[in-house]
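**Student:** First, the structure itself, so that you have it in front of you.
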Amino acid sequence: MMEERVNLMHMMKLSIKVLLQSALSLGRSLDADHAPLQQFFVVMEHCLKHGLKVKKSFIGQNKSFFGPLELVEKLCPEASDIATSVRNLPELNLILCLNSRTAVGRGRAWLYLALMQKKLADYLKVLIDNKHLLSEFYEPEALMMEEEGMVIVGLLVGLNVLDANLCLKGEDLDSQVGVIDFSLYIKDVQDLDGGKEHERITDVLDQKNYVEELNRHLSCTVGDLQTKIEGLEKTNSKLQEELSAATDRICSLQEEQQQLREQNELIREKSEKSVEITKQDTKVELETYKQTRQGLDEMYNDVWKQLKEEKKARLELEKELELQIGMKTEMEIAMKLLEKDTHEKQDTLVALRQQLEEVKAINLQMFHKVQNAESSLQQKNEAITSFEEKTNQVMSSMKQMEERLQHSERARQGAEERSHKLQQELGGRSSALQQQLSQLHEQCSSLEKELKSEKEQRQALQRELQHEKDTSSLLRAELQQVEGLKKELRELQDEKTELQKVCDEQEQALQEMGLHLSQSKLKMEDIKEVNKALKGHTWLKDDEATHCKQCEKEFSISRRKHHCRNCGHIFCNTCSSNELALPSYPKPVRVCDSCHTLLLQRCSSSTGS
């Protein structure tokens, strides 16, 4: 195995040397019929087959070098074009893929295409660098697994000088015989050229290799720049879409702001109307209170005068005076209760006024918030205009970049033309090419700096967009607060309605009190006659009775106390609504229901007897 490796390496050196010498004599453009080129492919095929493992299948044994060459497609994506073109050749697709002849033909076609692309050395170097993958196809002592493989890759770099024009259509690559013809490598001493010509040829080849490598690197950098420009165009399109989305969001926010303004105006109008209504209601309540207070004062003065006259006229009737004093205390308690009710109404009015002031403050806060939202919207509009200006600047910079790229492409075309001229005149123009290459490198560096600046601008735009998103979320939170304020207003309105109901009930109670007080004058005249009837019955005091004796309901401002003129107990209005003419009273007086029934029975029994 070691001797075979050494022999194959020497044969590869001889084949490459003869191929380059023949190419220089023919103008460095080769066809498929060129004998040294055919022998080179034969030697290359032997090198790739050295130490190749045999794979067994149900058809038979398979030993082809196309298997490891397929790995190049996975390791180097640039070789995908070669692999697809090899698989799509019509001459090789007629037979099954498992046949060894088609695999050999595909491997030869792959070598032809790699040589025409001037990347045969690069692809094989990628394979040799990944020896852990080659171990599946080669023995440990194979040529591709040892150091001789790297030496052969270094020798293949010199073939990048050649221009091979090989046609794969119509050729039977499987039937070609892979036998090395050693007659090409046996030469006479007279045919050997001098040392000077050999040195000149090597210098020319080195220069040609250097220029082609530089051109290749330039083409790679141009491709990278084009990919970067495409990425920038995509990012610019995304930024434009984001800007359009941001404008749509701003329009929606403006519409929501207009709706909020309308709602605030409606709330203001409703609050103003409610304030006016409450003011009118308070005025009416105050007038009614004053009127009722005046009427009560007049009634009280009249009763007091009557009591004084009766004290002076009738000193004997002390019991009657005590009863009158009890009535007076009841009146005072009623007056105190009325005063308490009035104070409570005044407190409720004060609380309502405070609530109205709080509603006004809330409306003012909402108005300030709306003004702040308008100012923020104006700021956002200004930011959007600035964003548009920045996008215009980015577009102008992109146009400038495109113009620069066109200029660089033109410069590259000029460099290619100059390189063709340099192939004819390889003298003293290498310095000019180096200067042009340095300029191109400077242009590339400047373009990279501009791309970095554009990336920074893009990041700044993204930050500003995030800031706008944060502001929109804050506005949504404020809208939720506005909805909470609406709910509070509804609750306040409900409380107001409940308070109005309470006020209406209290007014009804006051009216009933006024009616009872108006009737008290008439009852004072009947006190004399009542006292006569009370001489034989126990007359309960007002402080002792808290509930009606018949229905057992608690007395209040609306449910007044009434003495039965027959038994002396205290009843409510409904339980003592009957009136009868008793013998001790000249007029009909109020009697409870039980006494009323008893008296009627007595009357009926007396009339029957």
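Heads up, the Cβ atoms here are built off N, Cα and C, so glycines get one too.
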**Student:** Can you check which of 259-302, 391-434, 435-478 TrEMBL lists as region 'Disordered'?
**Tutor:** 391-434
**Student:** Which value does the mean pLDDT take for the domain 'RING-type' (548-596) in this predicted structure?
**Tutor:** 78
**Student:** For the domain 'FYVE-type' (542-600), what does DSSP give as the number of helix, strand and coil residues?
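**Tutor:** When I sort the residues of the domain 'FYVE-type' (542-600) into the three classes, I find 8 helix, 14 strand, 37 coil.
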**Student:** Per DSSP, what is the residue count of the domain 'RUN' (31-171) in each of helix, strand and coil?
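**Tutor:** Here the numbers are 86 helix, 10 strand, 45 coil.
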